[in-house]
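Asker: I'd like to ask you about the structure that follows.
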Amino acid sequence: MEYRRVKDQESYDVVSQKDIESPGERSLSSTSATSSLSTAGASKGNNSWKLKSIVTLALTLLTSSQAILIVWSKRAGKYEYSVTTANFSVEALKCLLSLIALYRTWNSQGVTEDNRLSTSFDEVSVYPIPAILYMVKNLLQYYIFAYVDAPAYQILKNLNIISTGVLYRIILKKKLSEIQWAAFILLCAGCTTAQLNPSSDHVLQTPIQGWVMAIVMALLSGFAGVYTEAIIKKRPSRNINVQNFWLYIFGMLFNLVAICVQDFDAVMNKGFFHGYSFITVLMILNHALSGIAVSMVMKYADNIVKVYSTSVAMLLTAVVSVFLFGFHLSLAFFLGSTVVSVSVYLHSVGKPQPQK
C-alpha cells in the first residue's frame, strides 16, 4: 500500500509538472509559429515587391527604347534592311519563346487538353484576323518615323487607349466610367499640346500624314487587342502560350506574304538579313521581349504598373533623344506629356466597379 501511494504521488508530480510546463510550451510554440508566419509573409512580400520592381523596370526600358531603336536602326535617314523581314523575325522569335515556355509547362505539368498544341479548325480559324491587323500596324510603325520623331511617337501611341476603350464598349459591351471618358478628352488635349510648335508657321510639329498614320495604327492596335482578348476569354482555361503560338504562326505567314509582295527581289538577290546591324538585332529582341514583359505584368503585377511604365517611358524617350538625335525639349512637349500621363492614370483608376 505504501509503495502504491509513493508511485501515485510520483505520477501526480509528473502530471502536475507537465500541466505547469504546458502553457509555457504552448505559448512558446505559438510565438514560434507566429514568428515563422510573419517571416514567411515578409519574405513573400519582399519577393513580390522585387518581382514587380524588376518587371516594371524591364517594361519601362523596353517601351522607351522601342522608338529609339527603330530610329537608330536607320542609316542616312532610311532603312538599309527590309522591314518585312524584321517583322517576320520578331514573330518567329516570339513563336520560339512561346514554344520554350510550353516545353517547360509540359515538363512540369505534363501534356493536357488545355496546353497541347493540336487543336480544331474552329479554334485556329479565329487567329488570322488579329494576326493580319498586327502585321499592318507593326509595318506602319516603321514608316511613321518619316513624319515624327521618337518622343512624338511615344505620345501619339497613347491614342490606342481611346480606340481600345471605344471598341471595348462596342464589341465587348463593356461600360466606361465618366472618369474614363474625361481621360480620353485629356489624352487628346495632351497629344495635341505636346505637338504644338509656336516657333514655326505650322501650328503642329507633326504633319497631317503622321497624324493619319498614328490614328490608323491606334485603330488597328485597338481592334486587334480587343479581338484577341475576346478569343482568349472564349476559352479561359486554354494555356496562353498555346494561344500566342497560333497567333504568331499566322503572323509569320502574313509577314511571309508581305516579304514576297514587297521585298521578294531584294531578299532573293541580297539575302534575308541584308542590311542588318547590331542595332537591328537589338530592335528585334526588344519587340519580342516587350510582348513577354506585358504578359508578365498581367500575371505578376497589375495594370497600374503598365500605366507608370508608359508614363515614365514617354519622358525617358524624350531625354535619351536629346543626346542621341538632338531633340529639343519644349515647354509644350513637357506639359503635353504630363497631361497624357495624368489621362493614362485616370483611365486606369477610373474603371467601373463591378456590381455586387
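We number each residue from 1, going along the chain as drawn.
From the backbone N, Cα and C atoms, a Cβ is placed for every residue, glycine too.
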Asker: Under Swiss-Prot's topological domain names, is Y79 on the same membrane side as G210?
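Answerer: Judging by the topology that Swiss-Prot records, the two residues are on the same membrane side.
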Asker: Tally the residues of the topological domain 'Cytoplasmic' (104-125) by DSSP class, grouping H, G and I as helix, E and B as strand, and everything else as coil.
Answerer: 10 helix, 0 strand, 12 coil
Asker: For a three-state summary based on DSSP, what are the helix, strand and coil counts in the topological domain 'Cytoplasmic' (233-239)?
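Answerer: Counts, helix then strand then coil: 2 helix, 0 strand, 5 coil.
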Asker: Is the count of Cβ pairs under 8 Å between the transmembrane segment (53-73) and the transmembrane segment (150-172), pairs 6 or more apart in sequence, 3 or more?
Answerer: yes
Asker: Determine which recorded stretch among 126-146, 150-172, 278-298 has the most C-beta pairs below 8 angstroms with the transmembrane segment (240-260).
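Answerer: Stretch with the highest Cβ contact count: 126-146.
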